[in-house]
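Copied over from Swiss-Prot, here are the features:
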| type | residues | note |
| --- | --- | --- |
| ACT_SITE | Asp261 | active site, proton acceptor |
| ACT_SITE | Lys283 | active site, proton donor |
| BINDING | Glu22, Val23, Pro43, Gln44 | NAD(+) binding site |
| BINDING | Pro238, Gly314, Gly315, Asp316, Val319, Thr344, Ala345, Met396, Ala425 | S-adenosyl-L-methionine binding site |
| MOD_RES | Ser128 | phosphoserine |
| REGION | 1-203 | region 'Precorrin-2 dehydrogenase /sirohydrochlorin ferrochelatase' |
| REGION | 229-487 | region 'Uroporphyrinogen-III C-methyltransferase' |
Amino acid sequence: MNTFPLFFKLTNQPVLIVGGGEVAQRKADLLSRAGACITILAPQISQEIHQLLSDERHTLITAHYDKKYIDGKRIVIAGTDDEALNHQVHADCKALNIPVNVVDTPPLCDFIFPAIVDRNPIVIGISSNGKAPVLARLTRARLETLIPQGYGKLAKLAGDMRDEVKSKIPTLTGRRQFWEKAFEGKVSELMFAGRSVEAEQALKQQLEQTHQQLSSNSDVKQADPKSVGEVYIVGAGPGDPELLTFKALRLMQQADIVYYDALVSREVLDLCRRDADKVFVGKKRSNHAVAQQGINQLMIDAASSGKRVVRLKGGDPFVFGRGGEEIQALRAAGIAYQVVPGITAAGAASCYTGIPLTHRDYAQSVRFVTGFLKSGEPNTGFAALTNPNETVIFYMGLHSLERLTKGLMDAGRSPQTPIAIISQASMPTQQVMTGTLADIVAKHEANPLPTPALLIVGEVAKLHDELAWYGEHIVNTDQQAHALNML
């Protein structure tokens with residue numbers, strides 16, 4: 001190591017920043033968050049530093065630099081665009097053994113400002129020793145995606161209970177095991193879900209159980225009652241793994257067992273914890289690998305045995321995903337659960353095809369419709385879908401394309417209404433076919449698209465040719481003929 005990483009207490013400590021511009025302001029913001037009492041020394045300062053000075057801890061000296069100003073300071077930062085002045089500040093500080101940082105000049109720095117991941121009181125600093133600041137920043141960005149915001153609250157709770165835990169669990173090994181269980185289980189998930197009161201109650205309950213086991217001289221591991229697990233209903237999005245949420249990825253990587261649908265892509269499934277059991281419970285129209293009631297019971301049984309269960313569903317769990325039915329069953333069984341939203345197929349199909357679902361010139365509302373009812377019968381509520389200024393999205397509608405288009409036209413929607421079929425939205429295999437209600441059936445019969453597919457009906461569909469940016473567009477025969485005639 002060229003530098004030693006340590007954390008420096010600056011609360012109420014005097015710090016001098018020489019400079020009043022953007023560079024000085026960035027350092028001042030960081031030091032202010034650490035509780036330092038900052039003196040800004042500069043003839044002129046930026047508006048941002050003016051705002052910083054509203055904090056009564058901080059002081060402004062509108063003067064040119066003089067070495068008298070560094071006397072008594074804990075650290076000094078030189079952040080001016082005057083190279084000679086920065087060297088002078090460095091020399092004066094070295095003479096008085098005051099740590100100094102000359103911004104963006106590593107040879108003149110006694111210490112370096114790291115890239116910071118702040119989950120106070122959990123703080124991570126990343127440094128490249130001035131060799132590659134951009135790489136340090138990118139490393140920080142990656143860590144930001146991996147560490148939940150709730151880590152800070154979890155650490156504060158642990159700090160508040162540290163003395164009580166120490167008094168009830170006398171051995172270091174016992175305390176380590178206690179905290180590992182708390183940080184890897186129910187307590188942490190409650191905190192991450194924003195249920196801090198319940199998290200504290202769960203931690204106290206865990207402590208009391210452990211204390212009772214120790215008091216009775218029983219083996220903690222043998223006497224530990226089997227804990228009830230939890231179920232995470234996770235939206236896997238439309239297929240592109242980069243469209244997963246951070247929370248979805250975190251829960252997928254700590255699951256003991258994963259029940260996944262047919263619409264979950266292999267790329268997404270591969271991101272689950274490697275040693276988790278992965279069980280296919282897919283459903284395609286009336287062909288169900290496992291009936292819904294059976295899926296509910298599988299989740300209940302697994303969670304009751306103490307497992308962390310991920311129910312991985314394509315798209316969003318609450319948009320034609322039967323997530324509501326599943327959590328009703330979990331609630332009735334007394335199983336704890338969380339629901340993690342995913343990007344629904346309509347959102348992905350819209351964005352990945354350049355077809356906005358709403359547009360001030362074409363559509364002021366949007367309606368999501370399923371092609372089939374609970375009974376398995378086709379949805380026939382076409383009378384409510386005739387507004388020309390409304391976009392209609394049909395999920396699971398490709399197999400009944402002819403019935404849907406005829407129903408819309410019979411109900412009064414213009415035969416010239418644009419329609420788009422989007423197959424495998426967001427994936428490298430995405431395909432798009434456009435047409436009108438009157439001709440889309442013939443086009444699809446001539447060049448059928450694979451499922452899963454979604455239908456977008458409305459004037460916005462005609463924007464695809466203009467705004468498309470991703471994947472392959474199926475050229476219709478009229479366009480091909482026109483193109484040949486132009487040769």
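In case you wondered, yes, glycine gets a Cβ from its N, Cα and C as well.
What you are looking at is a predicted structure, and each value in this text was computed from that prediction instead of being measured.
Known features from Swiss-Prot, placed on the structure.
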{"residue": "Glu22", "record": "NAD(+) binding site", "CB count, 10 Å": "12"}
{"residue": "Val23", "record": "NAD(+) binding site", "CB count, 10 Å": "18"}
{"residue": "Pro43", "record": "NAD(+) binding site", "CB count, 10 Å": "10"}
{"residue": "Gln44", "record": "NAD(+) binding site", "CB count, 10 Å": "8"}
{"residue": "Ser128", "record": "phosphoserine", "CB count, 10 Å": "17"}
{"residue": "Pro238", "record": "S-adenosyl-L-methionine binding site", "CB count, 10 Å": "30"}
{"residue": "Asp261", "record": "active site, proton acceptor", "CB count, 10 Å": "20"}
{"residue": "Gly315", "record": "S-adenosyl-L-methionine binding site", "CB count, 10 Å": "28"}
{"residue": "Val319", "record": "S-adenosyl-L-methionine binding site", "CB count, 10 Å": "20"}
{"residue": "Ala425", "record": "S-adenosyl-L-methionine binding site", "CB count, 10 Å": "28"}
Extra residues within 8 Å (Cβ to Cβ centroid of Pro238, Gly314, Gly315, Asp316, Val319, Thr344, Ala345, Met396, Ala425), S-adenosyl-L-methionine: Gly237, Leu263, Phe320, Gly321, Gly342, Ile343, Ala346, Gly347, Ala348, Tyr395, Leu454
Distance from the residue listed as 'active site, proton acceptor' back to Ala345 (S-adenosyl-L-methionine binding site), taken between C-alpha atoms, in Å: 14
Per DSSP, three-state class assigned to Gly315 (S-adenosyl-L-methionine binding site): strand
Helix, strand or coil at Pro43 (NAD(+) binding site) [DSSP, three-state]: coil
Distance [Cα-Cα, Å, rounded] between Pro43 (NAD(+) binding site) and the residue listed as 'active site, proton acceptor': 65
Packing count at Ala345 (S-adenosyl-L-methionine binding site) (other Cβ atoms within 10 Å of its Cβ): 29
Residues flanking the NAD(+) site, with Cβ no more than 8 Å from the Cβ centroid of Glu22, Val23, Pro43, Gln44 and excluding those residues themselves: Gly19, Gly20, Gly21, Ala24, Gln25, Ala42, Ile45, Ser46, Ile49, Gly79, Thr80, Asp81
Cα distance (Å, whole number) from Pro238 (S-adenosyl-L-methionine binding site) to the residue listed as 'active site, proton acceptor': 12
Length of the line joining the Cα atoms of Ala425 (S-adenosyl-L-methionine binding site) and Gln44 (NAD(+) binding site), in Å: 55
Assigned element (helix, strand, coil) containing Val23 (NAD(+) binding site), judged by DSSP: helix
Spatial separation of the residue listed as 'phosphoserine' from Val319 (S-adenosyl-L-methionine binding site) - C-alpha basis, Å: 45
